[in-house]
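What follows is a structure written as structure tokens; I'll ask about it next.
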Amino acid sequence: MYVLNRKGEEEDISFDQILKRIQRLSYGLHELVDPARVTQGVINGMYSGIKTCELDELAAQTCAYMATTHPDFSILAARITTDNLHKNTSDDVAEVAEALYTYKDVRGRPASLISKEVYDFILLHKDRLNKEIDYTRDFNYDYFGFKTLERSYLLRINNKIIERPQHLLMRVSIGIHIDDIDKALETYHLMSQKYFTHATPTLFNSGTPRPQMSSCFLLSMKADSIEGIFETLKQCALISKTAGGIGVAVQDIRGQNSYIRGTNGISNGLVPMLRVFNDTARYVDQGGGKRKGSFAVYIEPWHSDIFEFLDLRKNHGKEELRARDLFYAVWVPDLFMKRVKENKNWTLMCPNECPGLSETWGEEFEKLYTKYEEENMGKKTVLAQDLWFAILQSQIETGVPYMLYKDSCNAKSNQKNLGTIKCSNLCCEIIEYTSPDEVAVCNLASIALCKFVDLEKKEFNFKKLYEITKIITRNLDKIIERNYYPVKEAKTSNTRHRPIGIGVQGLADTFMLLRYPYESDAAKELNKRIFETMYYAALEMSVELASIHGPYESYQGSPASQGILQFDMWNAKVDNKYWDWDELKAKIRKHGLRNSLLLAPMPTASTSQILGNNESFEPYTSNIYYRRVLSGEFFVVNPHLLKDLFDRGLWDEDMKQQLIAHNGSIQYISEIPDDLKELYKTVWEIKQKNIIDMAADRGIFIDQSQSLNIYIQKPTFAKLSSMHFYGWEKGLKTGAYYLRTQAATDAIKFTVDTHVAKNAVKLKNADGVQITREVSRETISTESTVTQNVCPLRRNNDEQCLMCSG
């Protein structure tokens, strides 16, 4: 049997050659990772004439399939893939920069992949950069993290990867700190050690000729006219082209059958317009096929087209009334929630005939809205609960609309001196002011919280978190200056208000490393302390930057300029037990702030996969799940659980089959002790009330908002109403990002041993699980109030709410 080497030459291959290579890469791994076993798997999959690079990929896949035996197999898989990349790429920073800078397109025209100033910087400092860059850190990614980088992030020439992960991180760091090599290297080392990561657009574009590094763009319509609509559409296309996610407020566009003075005609309403936006999102992807364009459309529930809006993403119905590639959100005023709760009427209005509703909030909105009602200016009057149930029905069917509370978002914003905030972004964590002349922008980064756990002492390092939050704050502020803006209105907004968004990933991993169950008092206290530390550190760095460069342009008149911080807007008392807030407020009074907004925990979907952490502040959704890469699907087991089961001698093929049979839950597996069952509860087994409580606890330190998903296995109107009203009453800004549900019946699990599965089902049924009658729309009388329609158990005991019981 022979292989084709990198020169295309035939070469004999032996078991020993493959074994030696795998042994070389198995350093520091668990003894269960047996190179001989891996080698045998590779030999079994080989064929004569296989290329050496394909042989490496086969070896990596073999290890990835074995990762359910022990997580170190995933590390070995990544090492094999990384070693293969290293063989095909240069270890000289300047050489890589030369290739990227001198690249020419198919017609021979210069098409540099990095900017001239970055190229010149690398040549000037090449000796120091080559000394500082640490390629061994490439071997610290797991297989799926490395594959994510390989698929979308590492720069290519003619479809051949040129960058190593360390080159990527160095490029990003230099792109941010082009004028300061020490700060560039500080950022590089912290990112390469996985303490934090900048957001995907920053990783894509930093250091390139057009460094569009911002993640989030928020727009309001230019005008309620053909010119205004298509100018806004063009803005969306230009932003999407450069990898920005978009939130756009459409409540100022007139509704269906509204009079058009210019043509003496009537409007077709929102639906035909949104179908055009839908096709634009499909056509303009984010940077040449890296990921799809994504637009979230925001509307207020008084708009006359609200019912048609709620149907746009549904799978059934007429195609001309659907726009399924957009995401939808409702910007909910408190008045609507009160009317729903009290089972009162709700009037739908056209913004063309009832102007000013989108420009007001709180009492001012209520006065204007009721004035229009009294003057019979509305288009239609419905029961508030009928609209409420239409919202819930759409959420159950499609997972959207997102729910954000307009009054809470405006009342608790440090930008409320600018005007009324009309929408959020694609992921519901950015709350910023927009206008026809300003497109709001936010640059993001996330902190890997699990890196701050001292495993020996079982302690969390708040001092290190404080230090790194300050560095990230400085980085994100620097990006505002370094950024390429796809539209001028974005530059206007970002340079005036200078908001940034710092988030987290791996909070659930942090709890597991510290042995804190997600619902425990210790976890709840740590949750609060983490975000207090981050908010304090970000504010302190913003003050330091303001003392050097001056406060942001629109600072005067903001709550912060009056000594009011985020927790003050929640009427929460925060003492000086951990951080001296009085001293910080004194510094703010003296110097001001460089940034209007600072914290915005985002979903971290891609970057958490790169770093090997659980998403954001979310609990684990399952303890076993699929990861898809181009070469196939792989089972992945929660690595913390796998280690615990392995250390206790409980992990074997039978346990794996039981875990699959129970959809990744361990609650009904009798062999597993109770302490592990508490620690490894999935999100479906955690009380939703506790998740909302923890969101509110950290919310007093989050001056933007947070991407809060809601998880209900079998949603009903009663459960959803209970959950939404609880979040609203707790003062959340984002009440719900996505509604996540579980399928009523599981897909057939071909990999599950049927004998094990039958025993698992018997055990589960024997465990006293109660069957609760489902509540449907038909079982709820429109005569009753939502207060009566909540889960029956919650009426007398909040702790026993069906929505909360997991």
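Each residue, glycine too, has its Cβ placed from N, Cα and C.
The shown structure was predicted, so the numbers you read here are calculated from the model rather than taken from an experiment.
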Disulfide-wise, see what Swiss-Prot says C216 is paired with, picking from C423, C427, C428, C442.
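Cross-referencing Swiss-Prot, the cysteine bonded to C216 turns out to be C442.
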Looking at Swiss-Prot, which one out of S206, S215, S220, S225 binds GDP in the same site as N425, E429, T604, A605, S606, T607?
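Given N425, E429, T604, A605, S606, T607 bind GDP in Swiss-Prot, the matching entry from S206, S215, S220, S225 is S215.
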Within a 10 Å radius of its Cβ, which of these recorded positions (C216, C427, A605) has the fewest neighbouring Cβ atoms?
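Looking at the recorded positions C216, C427, A605, the Cβ with the fewest others within 10 Å is that of A605.
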Of these binding-site residues, S215, N425, T604, which scores lowest on Cβ atoms within 10 Å?
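Sparsest of the binding-site residues S215, N425, T604 by Cβ contacts within 10 Å: S215.
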Among C427, T604, T607, these being the recorded positions, pick the one whose CA is nearest to that of Y737 (site 'Important for electron transfer').
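It is C427, whose Cα lies nearest.
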In terms of Cα spacing, which of the recorded positions C427, E429, A605 are within 10 angstroms of Y738 (site 'Important for electron transfer')?
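Close recorded positions: C427.
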Cα distance, C442 (disulfide bond) to S606 (GDP binding site), nearest Å?
18
Could you break down the residues of the domain 'ATP-cone' (1-91) into DSSP helix, strand and coil, giving a count for each?
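So the counts come to 54 helix, 8 strand, 29 coil.
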So for T607 (GDP binding site), how many other CB atoms are inside 10 Å of its CB?
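The answer is 27.
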Which one is it, among the recorded positions C216, C427, C442, that lies nearest to A605 (GDP binding site) by Cα separation?
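Considering only the listed recorded positions, the nearest one is C427.
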Residues with Cβ closer than 8 Å to the Cβ of E429 (GDP binding site), same chain and 6+ apart in sequence?
G501, G503, A600, P601, M602, P603, Q704, S705, Q706, S707, T734
